[in-house]
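Per Swiss-Prot, the features are as follows:
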- R11, N31, G32, A33, G34, K35, T36, T37, Q139: ATP binding site (BINDING)
- 188-528: coiled coil (COILED)
- 387-484: domain 'Zinc-hook' (DOMAIN)
- C432, C435: Zn(2+) binding site (BINDING)
- 575-710: coiled coil (COILED)
Amino acid sequence: MIERVKIENLRSHSSTEIEFREGINVLVGPNGAGKTTVLEAITLALFPRTFRSYDHMIREGERRAVVEVVFWGADGHKYKVRREFYRGGGQRNPRLYREEGDGWKVVASGRAEDVDREVMNALGGVDRDVFREAVYIRQGEIAKLVEATREERKRIVDRTLGLAEFKKAREQAHELLRVAEAKLETFRERVRDLKGSKKELKRVERELEELKREVKELEPEVEELKERLNELREAKREFERLEGELRLLENKIESLKGRRDDLRKLVEEGKEAERELQRLGDVPSKVRELENEEAELRRRIEELRNLLDDLRSLRNRLESAEEELEGVKRELEELKDEAGVDPERLVEFKDKIVEASERLRDLRREEELKRKLEKVSDELSELGDREETLQSEYEELQERLDEIQGELKEIRVKEKELLERIESLREAEGECPVCLRKLPRERAEKLLRDAEKELERLQGREEDLRKERRELKDRLESVRRELEGTKERMWRLRERREELERELEEIEELKEELADLSRELGVEEDRLPELRDLAVRAESLLRDLERRRGDVLRLEKELERTLDRCEKVIGRTPSGVEDVEEELRRLEEERDHVGQKLREAEGELERYHNLEEKVKRAREARKELKRIERDLEDAKGRLEQVERNLEGLRERYGSEDRLEEELESVEKKYERVRDKLSEVKGRLNGMEKRREELKKQVRKYREAKERKERLERVVEVLSLCKEVFRYSRDVAREKVLPAVEREASKILQDLSDRYGSLRIEDDGAVIRVSVPGGHFIEADRMSGGEKIIIGLALRLALAMVGSSFAPFIMLDEPTVHLDAEHRERLAQALRELDLGKGRVRQAIVVTHDEELEDAADELWRIENRAGESRVERYSG
């Protein structure tokens, strides 16, 4: 049973301690509050998983996380396991303690494997797999037992009920029996073999003498054949090498002759090409002259075309500009008639007219400005009162903050004195640390408790003062900001009041200016807005008039400059656009004539280049021809040498066929004699080894016989153990499975009216549930929600009946996928569970559904505040 869990810097938990009771303990809170982390902390303490890094579990900004769990073991002792997980460093300093008297004794520490093993022993043999399959039912895995395959389901049931141990023991006995029987049969055969060892030993020694004589005769013959074989093989390789070289030389000579003929042909073609080049003359120079002439004509044509386009464009633009100039003049006449004033005079007074029109709106704002001025004055008065109030509160808060700071200093001095006194009392051995008189143990303990109690009171007071100081600082900062904001607002309002007063003075001046302007223009004041638009329009038209006149003059000058540029191209000043067009046609005809002559010359140029290439190839062919003739002479000389070497081999060994026949004959004889020698030596070595083995076997005969008799007795005992384990498992299953069926059926009926009873068949491989109508169906054929209900009932029943369980279970969000009715039924079922009756004495349930609160013997609420999990106890 879990008694207490402490968490430091694990996920969202900064510092959390929870004490659990026997019965149902419920941790309730919204999603993301950190409920499941409590179950993860228990799992990390008891059976930690091995990660490459635990950084993802350590709280952000912290160096390490610590989990500590106090639990009751299967032996009735209380244990405490503590583990530390470091960022980037894995698990360190794991320790397991057992309570003894008033203190804790270390059971295991240092190596994580040692601590894991002792934790498993303390829980009555529950290992990591059983814990994760049965004790800790994780979110979304309630239906795992129902949805598993038959073999997997049977394996889980056996492990959770302790039946797997019988199977494991029987399998071990079976394996030992198999090994023992194999060894027994081996020794039986050995005993039988050893009986004839003496007779076989004499026979082997006779055969050894015969084999040694035979080896002595065969070894000289093998050496003689080996030497002759090497000589013949070398001769064959030389035959093959020389014949291969001969063929290569003959092919090379033929190839060189063919290449020599080709090169001579190229040389003759080069001579003919040189004569043809002399006849053609300097064709490239002729082509370059025609290309330059054509390029110059193209340049002049392109330039003249561009000038012609410019002339046409300028003529069109000049006509458009003259039409636009006349249009602007007409608009100015119309504006003069509409305004009754010359446009030039309107433009002269435009700025005054516009300003007067704009400021006429200010006259209408006079009353509005007076109201705003009155409102600003009233607000300034109110803010002055608020400033005095805030200043007074700020001074009072600062005074209280100074008082708290002084009291905190006094408390820290007292705490230091108390800590020194406590340390002295703990180190003192029967005498007062102050007066050094003899101090009774009871008196010393009372003084120590009083000092610790006073220290605890001071620490509590210090925490209260620190909390009040934080609140005062927050309020002081809030008042300071509001006071600064008030002063800033008053300064802005004073500026606004001065601005409004200036605007009212300007309005009085404006009235006088408008009257003067109306008299000067000879119009009424109410016509000023109308004249403003006309003045703006008159100014725009006058500017447009000047711009149009400038455009006409500019286009006329540009047209003259373009005609001057045409003179540079055609050599005279053209009379107009038509004259330029006629000159352009003449240049294009001349360009076409030159182009025709160029194409004819380019045809001759291509033939000229081909002839040059032939001359070049002929020069290269002359050089290569000399090299080919030298190579040909060398190849003929080497060919004669190879033929002489081949003739010498034939005189010594005859023809190549005769050499091949002799080589084949010698190889066969050599292999035959060598194989026979190897066989004899192999037999000889085998016989010698066999002789040594037989000598050892004779000595071991009695020992083998004794071991055979002992193994016969062991086989008899193991056969009996195997049957005992099988029978014990069957008896245990017949006893335990009906109890699981009864408990699961009861819980299932509490969870839903739809179901009757639950059956476990085929030793746990098949789960059947009765439905309305009285018939049973397999649980794995039901819907997802039904599987969850059945899986939950079966898990709880296994926990209550199982013999290999720790005396507690943990449920993580068991209401997921359950509707409201089934959540209420689950709560009712948990309330009615008699946890003290079976081995399961405690259930720890994590949920976000408040329906399970009524089922709790102990209720804890977890919330996440500003990224940190906070735990509050609500019952107990």
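Glycine too: its Cβ is placed from the backbone N, Cα and C atoms.
Predicted, not measured: the structure shown is a model, and the values here were computed from it.
Taking the centre of the Cβ atoms of R11, N31, G32, A33, G34, K35, T36, T37, Q139 as the ATP site, the nearby residues of that chain (Cβ within 8 Å, site residues left out) are S12, G29, V846, I862, S869. Confidence across the coiled coil (575-710), taken as the mean pLDDT and rounded to a whole number, stands at 76. Summary: among the binding-site residues (G32, G34), the fewest other C-beta atoms within 10 A of the C-beta are counted at G32.
DSSP assigns Q139 (ATP binding site) to coil in the three-state reduction, placing it in neither a helix nor a strand. Secondary structure from DSSP puts T36 (ATP binding site) in a helix. Within the group of binding-site residues (T36, Q139), the Cβ with the highest number of other Cβ atoms inside 10 Å belongs to T36. Of all residue pairs in the ATP-binding list (R11, N31, G32, A33, G34, K35, T36, T37, Q139), the one with the greatest Cα separation is 18 Å apart.
Residue counts of the domain 'Zinc-hook' (387-484) by helix, strand and coil are 85 helix, 2 strand, 11 coil (DSSP-based).
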